[in-house]
């Protein structure tokens, strides 16, 4: 006995420890852990119902309301059996009520929760429980009131639907029946009525669905069977319709409409089987339906009558039946394309309005029967016209679909041809790099090598075939990025100029462009950084203005088609070692085509792109891109070089200063004292370039170049610019052959990746050398690849410096 007491005491102590652990987990909201502790405690001490009430509280927070109710019921039953404290029982009932309230909010049934709260109050009075009871009763009243209002609304919509149905306005009637269903989805009459509307509208599948719902709600409602059988009969399912009519007979064996439906089904079955049937045949068909002989006799009589009617039917009757079937088919097709054919819907709506107007006139003028008949004939003619119009629309729709498919196919073919042409163009004009070479050069597109990022891709610095290059990786999944890739290759493959960035090659597989690397970044970097801006002397700025002007003139005079840059701004003007400027970023540039209406060249687009502060206002408003668009951007760039200020409102600032005669107040004097004459000439020229009207802007190759060239020559003749001129005469290191140490005339790439003069490397190989002149490593092969891009760059450099000399 003492051993049992010791075991019980030990179990109770262990249960208390489990309760404390569960309470601690509950306070920290570790609800699953709390449930496990309470469960073990309940097993150790079954007489303590607090384990059940505590676990119910955890389940309540976990939204496991059914488990909460189960634990509360068990706690109440065990508490009453053990005569536990009424407070514990009341607490269990209150938590049960809380769970039931949560369930009631979803199921809209507050009665179980109210009963639980009333029982809790009976066990132990609590203000909190009383308040919950009041809230539950108020919620129940709200639900009852809402149900009453919903029922009234449902009755109202059903009555309105009946009115429209009597007026043969079946579409409006179906809409009101639908609203009635939303308010009271358990009324079989509404489903039956809407099924009849669907039948008249030709929506047979929807009518069959509504009839099935009507029967499911009330299997004794005869009209549901009538609607379902009628739909099945119209759909040609005669045997199924016959079985449905037989089910309807169980509701009313003497209903004439059901008997008439049975006769029609029997006639249809007989026609489908190609002959008359006897009473024995009818009993065999209906054998599984357990019908009596009297009903079979009635059906046989109906079939005999149908046979007589069949013999009397004329060819015209058969044609009319076929026409009605065709009309139903057309109506079904119309309903399936309502959303796609709004014009057809409007036309049919007008026809329905005419129907309604004719109906009103018919009700008001009943004595004029002849007139109403004539109007009905006119209406039938209009309906026939609308059907013909509908058929025409269908044929037009099919034609448009075919044209669309042809257009898509042509676009795809053009895209393939364009890609092939682009591939040939890249192969002919530049080196084609592989994706692996690009990934290796950028260290798998490392962020540490990223030197720029734009809307269509990123720019990386890398070493490619032992040359420091700039690699622009465009987004291949972007249409804009692909367009920019094709545009830049197309433009830079056609034009060459000392002040246009050199395209060394491309990787069409990854939409990557490889340019010469210009170490000093962009002109925007210098203008935005105060330290760098001071290194950009006024002589250098004038030289940059002249270089950009000459590059634009070259593009605009390109043959056979002029080129417009379209996005000229300091960020797209790159600077080399000696601050030699080069235009870049030809992604939105365009080749201009001669207009057929006037003697101008332009490019027209519905979606102008570029940098708004530098864009031609007329290009923004009309979408027409011309060389004068670059003139406007050039004027803004000149103003920025003069003032060092941001582009926002820069034109107004300079204009105001010139009107006040205080132009020096806005000039950037941090780079030295500008010659006053140069300032006025450049400011006046820039303001003319930024005129709102294109016609008022000067021509770059005429007046602008004459002024800019004179200012440049005067600026470069100053002593401070002589040193930079000497630096510019030195050729870049990668123009020098590693073997001959002279500027290369015919550069070729060897197997080691280095570029040599063709004659020098061939002589090296012919003398028996099989190693690299640069790395002394064994060459894999002796094949040489012409470096056309480098050769073109060398020729441009030589041409430029021969002209300057």
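Easy rule for this one: first residue shown is 1, then count along the chain.
Glycine too: its Cβ is placed from the backbone N, Cα and C atoms.
Per Swiss-Prot, the features are:
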type	residues	note
BINDING	451, 452, 453, 454, 455, 456, 457, 458, 459, 472	ATP binding site
DOMAIN	445-711	domain 'Protein kinase'
DOMAIN	730-804	domain 'U-box'
REGION	136-160	region 'Disordered'
REPEAT	154-187	repeat 'TPR 5'
REPEAT	189-221	repeat 'TPR 6'
REPEAT	222-255	repeat 'TPR 7'
CB contacts for residue 453 (ATP binding site) [other CB atoms within 10 A, all chains]: 12
Least surrounded among the binding-site residues, given as 451, 457, 459, when other CB atoms within 10 Å are counted: 451
Local confidence of the prediction over the domain 'U-box' (730-804), expressed as mean pLDDT: 82
Local backbone state of residue 451 (ATP binding site), from DSSP in three classes: strand
The domain 'U-box' (730-804): DSSP-derived helix, strand, coil residue counts: 29 helix, 12 strand, 34 coil
